[in-house]
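Have a look at the structure below before the remarks.
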Amino acid sequence: MIGIVTIGIAAGTMLVMAVVMSYILGWANKKFHVEVDPRVEAVTEALPGANCGGCGFIGCSDYAVAIVANNAPVNKCPVGGEGCAAEVATIMGVEVGDSVPSRPVVHCAGHTADKAGKSQYRGEPRCAAAHLVAGIQDCTFGCLGFGDCVVACNYDAIHVNDGLATVDYDKCVGCGACVKACPRMIISMADFNEDKVPAILCSNKDKGKDVTGACTVGCMGCKACTKVSDIITMQGDLAVLDASAYTYEKVEGAEKAIEKCPRNTIAFIGK
């Protein structure tokens, strides 16, 4: 009999506690409830859900909040493109605005045969690991060719061809994952005002003599390109090109720069 009473008391106590806790939780839910703008959910659903960070935010949900709460531009999603931007603009009741696609540029032109001082590497076959090892190749700026960028890309848009990372611009959406994956930081995002834009395919900041000894296609700082194209300047001994300043009207200067370059370091890239 005592056992039954004990069980009954315990059960009653648990029931009372459950009722009290449910009341407390219900009160807390009302007390601390935060209204969420329904447009946030609508924008999130309109975005592709890739969470690539190409828009400059951590993921699609963060970008959606920024659009609704902080009036962030609606055309920053490289994966969704114009269609996504138009849908988000409709939700927000704003104009899409002009946008220029941003795409990665691999600032290296060195294939396997172009690289001097190549030695056998026995470590982990990743660029991040190989970058920490000295003596793999004479050029300490060039592509290592193990494909960390390939692994990072979710769109099969970059591959290693004969020791050099190469972008497939027909597949590339401009998410920038390859840029973040490269330990040598030789991949950068550039504005593509045209389907094809000129690019300096070198990152070597050494003196010309050292560059020519390390690679057959590296920029040796001769400045010939800067004399025929006003979108190319020198940063130390390395030629750099402002892709955002390139338009079709600049094509003649770019073509002359390519022709003048004795190392074939400048080329048109894109679709």
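Placement of Cβ uses the backbone N, Cα and C atoms for every residue, glycine included.
With Cys172, Cys175, Cys178 listed by TrEMBL as binding [4Fe-4S] cluster 3, the candidate from Cys153, Cys202 annotated for that site turns out to be Cys153. Model confidence over the region 'Hydrophobic' (1-29) stands at 70, taken as the mean pLDDT rounded to a whole number. Of all the binding-site residues in the record (Cys52, Cys77, Cys153, Cys172, Cys175), the one with the smallest CA separation from Cys139 ([4Fe-4S] cluster 2 binding site) is Cys153. Cα spacing between Cys178 ([4Fe-4S] cluster 3 binding site) and Cys77 ([4Fe-4S] cluster 1 binding site): 16 Å, rounded to the nearest whole number. Take the mean position of the Cβ atoms of Cys153, Cys172, Cys175, Cys178, the recorded [4Fe-4S] cluster 3 site; other residues of that chain with a Cβ within 8 Å of it are Pro104, Cys149, Ala152, Asn154, Tyr155, Ala157, Ile158, Val167, Val173, Gly174, Gly176, Ala177.
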